[in-house]
Amino acid sequence: MDPQPPPPAQGSPPHRDRGRGRGRGRGRGRGRGRGRGGAGAPRAPLPCPTCGRLFRFPYYLSRHRLSHSGLRPHACPLCPKAFRRPAHLSRHLRGHGPQPPLRCAACPRTFPEPAQLRRHLAQEHAGSEVDLSTQRAVKEEPEASWGPQDEGVEQPATVVVAGAEEEATTQWPAGDSAPAAVPTSTDPRESEAKEAEAGAAELRAELALAAGRQEEKQVLLQADWTLLCLRCREAFATKGELKAHPCLRPEGEQEGEGGPPPRPKRHQCSICLKAFARPWSLSRHRLVHSTDRPFVCPDCGLAFRLASYLRQHRRVHGPLSLLAPLPGAGKKDDKASGGRNSGKGPEGGEGAECGGASEGGEGGHNGGDATPARPPAGEPRFWCPECGKGFRRRAHLRQHGVTHSGARPFQCVRCQREFKRLADLARHAQVHAGGPAPHPCPRCPRRFSRAYSLLRHQRCHRAELERAELERAAALQELQTQASQSPQPPQPLKQEAEGLPLPIAHIKEEPPSPGTPPQSPPAPPVFLSASCFDSQDHSAFEMEDEEMDSKAHLCGLGGLAS
């Protein structure tokens, strides 16, 4: 017989209950020890003064404060992207072509990412007893302490352990002992102070680096309206060619080094000869040369080329104007744009109602799976951190951000005046342009170089226009009163004045003289049929009147009627 286990002692719970009770007791005791302020007591959270987010360590708080500064001092040398932290930049650089791979110690396979290597070790070599350390195939530069007197001595190799992605251990040659480890302090207060000091130093360094980066003048608008690159002294006719110029790209992003090559521009406009890489871009560009603006705002009367422009404009009038449907909402607008904006958010698409109204007319308040409500239209959603000015679109905020930077890279070649935007420089160049101004006033001989200057000038003629309108209304009223007071003399019929035969309806019957036999009624004209009299249809007489009037008119023009 199998030996049975001894019964539990009297008064003691079974094994399972005893284990559970022990676990619960340990957990409660450990928690009580922490709460009493022992060595493992929780630290007070550190709030961010800008957004109120809580952090456990000062270093994390100092690193988080970089996100509110908007600075990205670590720029990628291969593309225009920039990052706030060096770790993010190093992780981004792995996607730019071949990087030194990680070799597996158990097989000849290599992996570009440490996470992929760890996954490979867990799946392929989980049950085998192999050295799970892997070595990265990187040619490390010798340190400063490794001088020429140490030639022929084996140098240490940097080995990446599979269990940690960022940590590295140093293997020293056999027979040599590793340098003695520096004793580290175990006081948590000293470690917190060091972390806070390191975070503050990193923050100051990044702020100083970002403040020292100043943009220098790169582009000059010449007298012949060409854009001159000040680095290589090459001129360009359009802004697009200037942007594609290698000198204005970030360092390292030259042809064949970083990023895909630019797409060739095969679609050219036949009017202005501007080229585009995609056909829908050319179709959308052709609307610039068209004067047709079929989409009219029902609130202010402004007209637009595309329905998406009208929807964007109607946000200015507030949320009530967005409830009314657009004119021609059932049509699929922006056909020229190739449907790029169709059905993708409030900037484009077929629907015209606010809030994603359905075709059934239920509107955007049908509940259920409705999208979350957007902020009220007409109110700013993006605020400038420098001056507090609000904008409705993020693009407007980016354009406004140029005003707070001291860089003025665009300079006028005639008066040496500097500007922050290329559009401001082009508008200023109209001052030096020869010939008359392109915007004349229809009321006076003055001309203006800018359209908004003409609109501002036309306010001077507002009183003159109102006076002319009052005079015109008074003259019209006087003519109406004169016409009502003086009776008009009876005018002879047009047929009598021109000597044409009168129609039958206008012939007056003379009474017969006494003694004359009664005459039979005259025969009907040839063009009439018996059916006209039977059905009492008098349209034939009206047709005859119209024919006679047209013949008389042709006779008056020179006898063209045959």
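Positions of Cβ are set from backbone N, Cα and C atoms, glycine also.
Between R36, R94, R266, R286, the residue that has omega-N-methylarginine written against it in Swiss-Prot is R94.
Looking at 140-162, 163-185, 439-461, 462-484, the range annotated in Swiss-Prot as zinc finger turns out to be 439-461. Within the listed segments 46-68, 207-229, Swiss-Prot records zinc finger for the stretch 46-68.
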